[in-house]
Amino acid sequence: MDWKFLEGLLSGVNKYSTGFGRIWLSVVFVFRVLVFVVAAERVWSDDQGHFQCNTRQPGCTNICYDYFFPISHIRLWALQLIFITCPSFMVVLHVAYREERERKYKAKHGEDARLYDNPGQKHGGLWWTYLLSLFTKTTFEMLFLYLLNYIYDSFKLPRKVQCDASPCPNLVDCYISRPTEKTVFTYFMVGASVLCVVLNICEILYLIAARVVNRKYRGSNRASSRKVHAAASAGCDGCKSSLVHD
């Protein structure tokens, strides 16, 4: 998998992210993608080759391996990284759509005309797109954590498993290679995933709180401007009535 291509695409997302979003992107690439590429893939490289059972029955070892490992941790994590990063492209595409509208608007009304104050500013539809991407990423994170725990019953890999699936002649013992090392990496990746979920939730709360505060601020400004306008109108009416009286 070409992770550099993914990094190049996500670097554009960083420009439109909040502080929480930038931290999330750093955690994804430093603690997940980098660890995945540099270390985790090598730890699981001998996964099936060193999975041994105490029988020489042809096909028994393969069947037992497929029974206990229906999908490799590495492939599951690769899918997880793809699914949690793709929603961020929704923001990039929305900004690109705004920039194209801005370009057409300037071409029609002149270079001084502006349709948006800043196409990358999270207002209106872009705010909803950004919020939707956060909800989608959080949902995928929690879904993959559930799948990992559901498939393997635990995040801890056992040293020995027992299998009696056909064509095994009886209940056989099978041994996983380097279970302690794989358990350490599993807990590390799970911890990084949980941290990303926490960052996403914090960013969601931050966006909602900022939106509420911004609306209250605008409402107070409108109310004060109306009071000033009403006072000015009342003053003018008083001036007119005094002039008529005189």
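Backbone N, Cα and C atoms are what each Cβ position is placed from, and that goes for glycine too.
Quick look at what TrEMBL annotates:
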DOMAIN    42-75  domain 'Connexin N-terminal'
DOMAIN    140-207  domain 'Connexin cysteine-rich'
TRANSMEM  21-40  transmembrane segment
TRANSMEM  77-97  transmembrane segment
TRANSMEM  127-152  transmembrane segment
TRANSMEM  185-208  transmembrane segment
Confidence summary for the domain 'Connexin N-terminal' (42-75), mean pLDDT rounded: 86
For the domain 'Connexin cysteine-rich' (140-207), residues assigned helix / strand / coil by DSSP: 42 helix, 8 strand, 18 coil
